[in-house]
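For reference, the structure is listed below as structure tokens.
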Amino acid sequence: MGTDDLSVKFDWEILCKNKVLCTVGWWLTFWAGAMNALTTSAVLFMRIAHLTGPVTDQAKYVLTNPAMAILVTIIIISFITGSFSATKALPQLGMTYGLLMPVLPVLLAAGFVYVGFYVTGIYEISAGRYVLAMLLAFSTGWQNSITSQGRIGRTTHLTGDLTDLGIALAAGKKKHAVFLLIKYSGFLIGGIIGYVGGQAAPVLTMVGIATGYGTTVLVFHFRNAWSTRTVRKEQVAYNRIQ
């Protein structure tokens with residue numbers, strides 16, 4: 001759900017501006033939606049950005065397919081581990097480096113796919129598939145943890161956001177409802193791009209997602225730094241006049 005508390009410790013200061021918050025939220029959910037669609041339709045054939053479906057799959061496969069049950073369990077544990085690790089690392093890394101960390105496991109996963117460690121069907125089992133599941137679920141768990149501890153809120157899945165959307169609409173909170181709709185559109189459009197890219201060129205699409213995600217983080221990092229510096233200069237000038 002995130003928070004709109006202005007005392008959030010690790011957020012970029014520019015996220016206090018609603019337009020910036022909506023833009024950042026759109027891009028981060030866009031990249032997560034793209035990655036989830038790619039892994040659902042190619043290379044892994046499993047969802048890695050949220051756990052509701054995988055937990056249902058886990059219940060089914062425990063009874064019918066032990067190898068698939070292990071795969072789904074790896075996804076669940078890796079997502080939780082990513083979230084745990086991000087929370088522990090956030091005070092040391094800060095917002096920017098915290099958000100950049102998921103780029104590394106995604107690029108590593110792309111390397112594994114490039115050398116042939118992927119599957120072409122949902123029930124195919126291989127060591128490479130287990131490795132991909134671990135890396136990609138860890139990355140999305142990490143991202144979701146970082147954004148969930150600030151104003152942006154969840155960025156890798158929509159169940160909570162769409163619940164919040166219904167609540168916001170019922171309560172007449174139009175600004176918050178618009179923000180949640182913007183994130184929904186980002187995940188949807190990202191999903192379309194991820195699906196098409198996964199069918200055509202999965203490795204290039206994975207690299208593109210990692211690069212685009214990292215670029216998004218850096219662009220807003222430098223924008224935040226510039227905005228913060230400008231505000232401080234204006235404050236110093238004002239103090240001198242006083």
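Just so it is clear, glycine is given a Cβ too, placed from its N, Cα and C backbone atoms.
Range 203-222 is the one annotated as transmembrane segment, of 3-22, 203-222 (source: TrEMBL).
Counting Cβ pairs under 8 Å that are 6 or more residues apart, the transmembrane segment (177-197) and the transmembrane segment (67-87) reach fewer than 3 and are not in contact.
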